[in-house]
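*Asks:* Dumping what TrEMBL says about this protein:
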SIGNAL    1-19  signal peptide
DOMAIN    22-133  domain 'Transthyretin/hydroxyisourate hydrolase'
BINDING   H29, R67, Y131  substrate binding site
Amino acid sequence: MNSLLLLSIVATLLPIVLTAVPTASISAHVLDISGGSPAGGIQILAYIQQNNAWTNIGGEFTQDNGRVDWVSPNFTLIAGTYRLVYVTKSYYTAKGIDSFYPYVEVVFEIRDPTQHYHVPLTLSPWGYSTYRGS
């Protein structure tokens, strides 16, 4: 194979490899069950509790499919207590819908930071539910 062609292929694939989501990460998904669709454009802020205070470790917006593949790409998971804040008010305001919860906080513990943690949220203007996904 031509070395120039090989170099071109490697250069094309390198960004994909460098941005791959590791196993040790937190992802999220928001489904708007009032409309039966993914909730794109919702900001999700990620925190870890350290010394009785919350430290921000990331923030991303859900994609059109309602997913965030990695909420804290610049933070290496450690054992501890985490909090995700799903900022929901602007999502419903943009749709012209009144809602009860301006944001939803989900607090959870990570004991094994080598695992992947998926934290989905099913959402409506008047309620929500969450669980540990896969």
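Keep in mind that glycine also has a Cβ here, set from the backbone N, Cα and C atoms.
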*Asks:* For the substrate site given as H29, R67, Y131, which other residues of the same chain have their Cβ within 8 Å of the site's Cβ centre?
*Replies:* S27, A28, V30, L31, G66, H118, V119, P120, L121, G133
*Asks:* So what's the average pLDDT for the domain 'Transthyretin/hydroxyisourate hydrolase' (22-133)?
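*Replies:* Mean pLDDT across the domain 'Transthyretin/hydroxyisourate hydrolase' (22-133) comes out at 97.
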*Asks:* So for R67 (substrate binding site), how many other CB atoms are inside 10 Å of its CB?
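*Replies:* R67 (substrate binding site) is surrounded by 18 other Cβ atoms within 10 Å.
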*Asks:* Let's check the environment of H29 (substrate binding site): how many other CB atoms sit within 10 Å of its CB?
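*Replies:* There are 20 such Cβ atoms around H29 (substrate binding site).
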*Asks:* Using a 10 Å cut-off, grab the number of neighbouring Cβ atoms around the Cβ of Y131 (substrate binding site), all chains included.
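*Replies:* For Y131 (substrate binding site), the count of other Cβ atoms within 10 Å is 10.
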*Asks:* Looking only at H29, R67, Y131, the residues listed as binding substrate, what is the longest Cα to Cα distance in Å?
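*Replies:* Looking at H29, R67, Y131 as a set, their Cα atoms extend up to 15 Å apart.
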*Asks:* Tally of helix, strand and coil residues over the domain 'Transthyretin/hydroxyisourate hydrolase' (22-133) according to DSSP?
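*Replies:* Counting residues by DSSP class gives 6 helix, 59 strand, 47 coil.
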